[in-house]
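Below is one structure, written out as structure tokens; the observations come after it.
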Amino acid sequence: MCGILGLVAAPGKTVAIDLTTLNRMRDSMTVRGPDDAGSYFKRNIAFGHRRLAIRDRDGGTQPWVDDQEQQVLVYNGEIYNDGDLRKELEAVGHQFYTRCDTEVLAHAYQEWGVETLAKLNGDFAFGLYDFTKDELLLARDRCGVKPLFFTQIEGSLLFASSIAAIVAHPRFSAEPNPVALSHYLTTFRLTLGRETMYKGIWQLMPGEYLQFDGERVRIESYWDYPLQEQSSMRYLDAVDELEELLDLAISDRLVSDVPVGLFLSGGVDSSTLACMLHRQGGKSMRSECGGSLDPQTEDFQYARQCADFVGFEHGEVKVSADDYLRDWEYLIGEQGLPLSTPTDVIIYRLARELKKSVGVALGGEGADELFCGYATQHWSANDFVRANRLQQNTNDIHAPNSSNFLQSMQRQYGRVEFQSETDHYLALNSLIPMQVKPALLQPDIWQAAAQDQVMVDHYHGQLEQWGDLPTRRKYAMLLHRVNLESLLYRLDSATMQASLEARVPFTDVRLLEQGFRVPQRYKIDVAHGKKIPHLASAELDQQNYLQSKRILRTVAGRMMPAELAERRKASFPTSVQSWLGGPWAKWAGQKLLQSPFANELFQPSALAEISAQPQQVGMWLWPMLNLSMWGDKHLA
């Protein structure tokens, strides 16, 4: 991984930045690339790069400039099929002088232009300026493993791997984005489509590219989900194909000139990676499991069992309340953003420990989204479809089975009627619901957030683009898009803070294509041998009537003990909620009351009520405190 930065003015103009300022912005990303740094100035462009050397330490210097100085490239990531692309390019006359995938990417653009993107299998974000066209090309990988942000300043386009690098520009005025802030309170997610937490800074979304000719910005998608399931596919054929493709994805991600390790939680996702790594010969790998000092945490036990089973050198990171709070404040200060989830700190501590012995670590992110690991969310489409049908056919409402189902719906959602798929999806996936925002947020903030209509319209547009597909399939694609992007940003930001490269096999394009062709019943269904009762999704999940990640568990069962392969999904272990109601309670209440930014955002009566009883409000405190700490640090 690396940090990239660029400022591009219109052709014929001189870019309005000096070398000292460019390097200061670039070096705000030193943790992303502590091994090398480079800059490039020419007429209307200024590029900067920080390098974390993983492959070809001597040959990967950036910014990369071709022999005729017609193209300049800054690139962050790994192209896993660069060997195949190199052979294809050599066959048509291209010559290579390094082993680095950066050179392959540059030559691929020379040969195929923007069509290169469809050929890449990897994790990437890059900026390439083509002097023959006087055009900038930005691109981001299909799942969003690598971040890429941009803004416009005085007619120039500024892009970077890190929001902190953009904010460091002397003519950028940092202001909060109320639309994104309100969305964050509802979902804990730092982006809403292209919107970020800062007004005027956008992200390039996964699977998109941007072209800028000095006047006009054009953004297009180069990839989308396969729309149709392959309904005739046999279950065991799907399992065999998954095993083969995952094996390839892992093998590709072992290409490195530095040691590779593993984030091992003891869940089926990371345990499958561990067993496949062992099968491929990784018998002396380093793995780490992390969590808080909570005796109820089971991850340590299962991770240790898996590590012992495959013979890995395994460590554990246990974080105390004091350590967590210190790192929480540190990460907000360094990243220029609130934390996305309470697990950010744990991942950072794990990455810091792994960095002592490895330079790359594999993670299991993406498996839940690809193989329906969130049983309640992935099964919930059935809730909407059945409830909607009952509302249209009132004769069935009073039947005993329907009555049981509707009572379960009422317990789960607080209501049984939904206006649309969007209404239902947000009802299920909202942490601080829209209905309480008018009493929580200051009136001007609530108005500036458009009363969450931008958020509703965004999710509605996401679901509507897939037309008449079954609701269950739309929800699966939407969860993959929005949930995974958030998890990948969490992984990138936490690991980069420790200068550790994270690689994610479950985001491999071959797995994506296969995973969305597989019939959904092969991924989630009623547990074997059980007769499903008339309940809504949450109670079905709680009572173990649903089996998630079916085909992945079948693959896992071929390599590991059944108790690991069939282990129920567990949340990443932190004690944040109990700390907020315990040792942090006084601090949390005082922080909200005394925070200048909190008092700009939230109504005084809401702050007073929440601060007086932090034990009662649960995880609502988490996003409110994050916003307060972030705003006081970066927007004062």
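Glycine residues also receive a Cβ, built from the backbone N, Cα and C atoms like all the rest.
According to TrEMBL, the active site, for GATase activity annotation covers Cys2. Residues or ranges marked as L-glutamine binding site in TrEMBL: Asp101. Summarising the annotation, TrEMBL assigns domain 'Glutamine amidotransferase type-2' to 2-215. Residues annotated as site 'Important for beta-aspartyl-AMP intermediate formation' in TrEMBL: Glu365.
In three-state terms derived from DSSP, Asp101 (L-glutamine binding site) belongs to a helical segment. Annotation note: Glu365 (site 'Important for beta-aspartyl-AMP intermediate formation') sits in a coil segment as assigned by DSSP. The average per-residue pLDDT of the prediction over the domain 'Glutamine amidotransferase type-2' (2-215) is 96, rounded to a whole number. When Cβ neighbours within 10 Å are tallied across all protein chains shown, the highest count among the recorded positions Asp101, Glu365 belongs to Asp101. Long-range Cβ contacts of the residue listed as 'active site, for GATase activity' within its own chain (separation 6+, distance under 8 Å): Arg32, Gly33, His49, Arg50, Arg51, Leu52, Gln62, Tyr75, Asn76, Gly77, Ser161. For the pair the residue listed as 'L-glutamine binding site' and Glu365 (site 'Important for beta-aspartyl-AMP intermediate formation'), the C-alpha distance works out to 24 angstrom.
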